[in-house]
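What follows is one structure encoded as structure tokens, with my remarks underneath.
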């Protein structure tokens, strides 16, 4: 280890930055975040540094650096492109035992500034000892994507209870166990979702040692259209901490591969007219599992609030006083159209887009066909594969051109994606003659013609058999 990683308190203490360019500006902001009193010396400065000075956030001297400028400083940063000046600042700082950092010159530094992940009061510093700063920034980016921004609030909550916990548990091992349970459980998740007061109350109950079973929480998570890379950070985090996962047929294998390894998996798959577990039973199962104190992830394909019956499920949770979170997912219409090179709206072809279910609650397709048949719009049908003939006939009957372009996207966003293009008139024959598997989305509109020009995903697939043209 070439450097000792330490954190220095510079609150209200004088810090000097030599230089006024963009890099100096970044270093000044770094020092200001730690509440240092910053003085900047430069013969000329960028507009951002000048603004900091005009806002009285720093002291600014537009002049050349002099040896006397380092007097009474507790920390110095030199951020200029003048090699001899940087060396002078370093030597003077060393002679006066003042910590100094010279940007991009590790040999002239007595300390280096790491990349940081700021979740104050939690701060993570990453350093490559000046060897590979770009790599340090990449590592920082990975950490930024995995650590919830509310970690700081969790630390503050813990700080408020620290003395109480110390008083309750004299043994350090008992305290450690208490905090580990807190930081990895429902209390932490409530903080992350902004329910600070609930988390505070639950922490007090846990500290009091109540024997009452703590009610768990349900996470209604949108698993997206199939590609696991399209999951949100929050979705992934909740999937990996849930005790139980209820999932359905539309969740891809790639997404399922990311759930917590030891979680209990319950399949509640749904197919047309064949629900493995009836919706009412799913609703009640969510309630029962949460009342057992378990963290329950209800994992759905696409977005839970777009033809996903998510509203019905959380209605039941709300009626039973169960805490829940809803995490949006990329809906199939957005994911499948994007991965097929078909924009849902376009200035020249479509000024609106409608998402329509082809499988209504009563099993019929009682839709406003006149509204759906107007020009300059895109229609996306979910769950309509078996009703393709009916929707084709109805749209043509109500005025849509029989030659209107149509695309069917099977298993969209996955390596198994297939895209069939045809016309509205020929759609029934396509579905009849080809072996097309659910989940398949039907996109109708002039925007489909753009696929030939804008298709990008199929070109990345190894096989050329992923795209099909039916009926010329």
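Glycine too: its Cβ is placed from the backbone N, Cα and C atoms.
According to Swiss-Prot, the protein has these features:
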REGION    1-203  region 'Precorrin-2 dehydrogenase /sirohydrochlorin ferrochelatase'
BINDING   22, 23, 43, 44  NAD(+) binding site
MOD_RES   128  phosphoserine
REGION    216-472  region 'Uroporphyrinogen-III C-methyltransferase'
BINDING   225, 301, 302, 303, 306, 331, 332, 383, 412  S-adenosyl-L-methionine binding site
ACT_SITE  248  active site, proton acceptor
ACT_SITE  270  active site, proton donor
For this session: For the recorded NAD(+) site, enumerate neighbouring residues of the same chain (Cβ within 8 Å of the Cβ centroid of 22, 23, 43, 44, site residues themselves excluded), in sequence order.
Result: 19, 20, 21, 24, 25, 42, 45, 46, 49, 79, 80
For this session: May I ask for the distance between residue 44 (NAD(+) binding site) and residue 128 (phosphoserine), taken between their Cα atoms and rounded to an integer number of Å?
Result: 31
Problem set entry | Residue among the recorded positions 22, 248 whose Cβ has the most other Cβ atoms within 10 Å | 248
Seminar exercise, completed: CA pair residue 43 (NAD(+) binding site) / residue 306 (S-adenosyl-L-methionine binding site), Å rounded to integer, equals 59
Seminar exercise, completed: Ranked by how many other Cβ atoms lie within 10 Å of their Cβ, the recorded positions 44, 128 are led by 128
Exercise. Which one of the binding-site residues (225, 302, 412) has its C-beta surrounded by the most other C-beta atoms within 10 angstroms?
Worked result: 225
Exercise. Near the S-adenosyl-L-methionine site, what residues other than 225, 301, 302, 303, 306, 331, 332, 383, 412 in the same chain have a C-beta no further than 8 Å from the centroid of the listed C-beta atoms?
Worked result: 224, 250, 307, 308, 329, 330, 333, 334, 335, 336, 382, 439, 441
Problem set entry | Integer mean pLDDT for the region 'Precorrin-2 dehydrogenase /sirohydrochlorin ferrochelatase' (1-203) | 94
Seminar exercise, completed: Per DSSP (helix/strand/coil reduction), residue 22 (NAD(+) binding site) sits in helix
Problem set entry | Most distant Cα pair in Å, residues 225, 301, 302, 303, 306, 331, 332, 383, 412 binding S-adenosyl-L-methionine | 17
Exercise. Nearest to residue 23 (NAD(+) binding site) by Cα, among 128, 225, 248, 302, 332 (recorded positions)?
Worked result: 128
Exercise. What does DSSP call residue 332 (S-adenosyl-L-methionine binding site) in the simple three-state scheme?
Worked result: helix
Problem set entry | Fewest other C-beta atoms within 10 angstroms, as judged across 306, 332, which are the binding-site residues | 306
Exercise. Cα of residue 22 (NAD(+) binding site) to Cα of residue 302 (S-adenosyl-L-methionine binding site): how many Å, rounded?
Worked result: 43
